[in-house]
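Student: Take this structure first; my questions come after.
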Amino acid sequence: MAAPGPGEYFSVGSHVSCLTCLGQQLQGEVVAFDYQSKMLTLKCAPSSGKANVSDVVLINLAYVSEVDIINDRTETPPPLASLNVSKLANRARSEKEDKLSQAYAISFGVSVEGQQLFQTIHKTIKDCKWQEKNIMVMDDVVISPPYQMENCKGKEGSALSHVRKIVEKHFRDVESQKSVQRPQAQQTQKDSTLSS
């Protein structure tokens, strides 16, 4: 069944199995169905294997070769959970500010290292912003290019000390990642030389 015909629909809460045109078998509980766009939303077993979570899959029925209803739900589905609209709006605003901050840094020509350091600091201290090419942390600490520990300036105290520790740890982590990647790259180069 490629798509439901006139008058056909899927009941919320029903369990269905779909075979895509690529041969992928999907099975789950119907969360939503839009007849106009032929979009089916299924809640499936988690691919991560974690308990108490589910994968939500959107399926375009135009690309499905077969749909089988395993268990049709006849009773009325439970009411939808209420959404905390203000929390969602705050999260959307925060995400937008983060993306604008990244765009701002790129437009001023901030180095990749500076952008990575900003992201590392921002994970720990949300009160962090760009001031041209400088990173301002809590309006107390300024980190200027090339964004090393010695480039952290501010009033001596716990804020400056904390930011310096974050910067030091960031660059230590970057170095350890590079040292892990170098041997892998050298091994790949050796393997390609031996196969030539």
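Sequential numbering from 1, following the chain as shown.
Including glycine, each Cβ sits where the backbone N, Cα and C put it.
What TrEMBL says about a protein is an automatic prediction, not a curated fact.
These numbers come from a predicted model, not from an experiment.
Positions annotated as compositional bias 'Polar residues' by TrEMBL: 177-196. Residues or ranges marked as domain 'Sm' in TrEMBL: 3-73. What TrEMBL lists as domain 'AD' is 81-175. Residues or ranges marked as region 'Disordered' by TrEMBL: 173-196.
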Student: From the DSSP assignment alone, can you count helix, strand and coil residues within the domain 'AD' (81-175)?
Tutor: 57 helix, 14 strand, 24 coil
Student: Mind checking how the domain 'Sm' (3-73) divides into helix, strand and coil residues in DSSP?
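Tutor: Result for the domain 'Sm' (3-73), in helix, strand, coil order: 3 helix, 36 strand, 32 coil.
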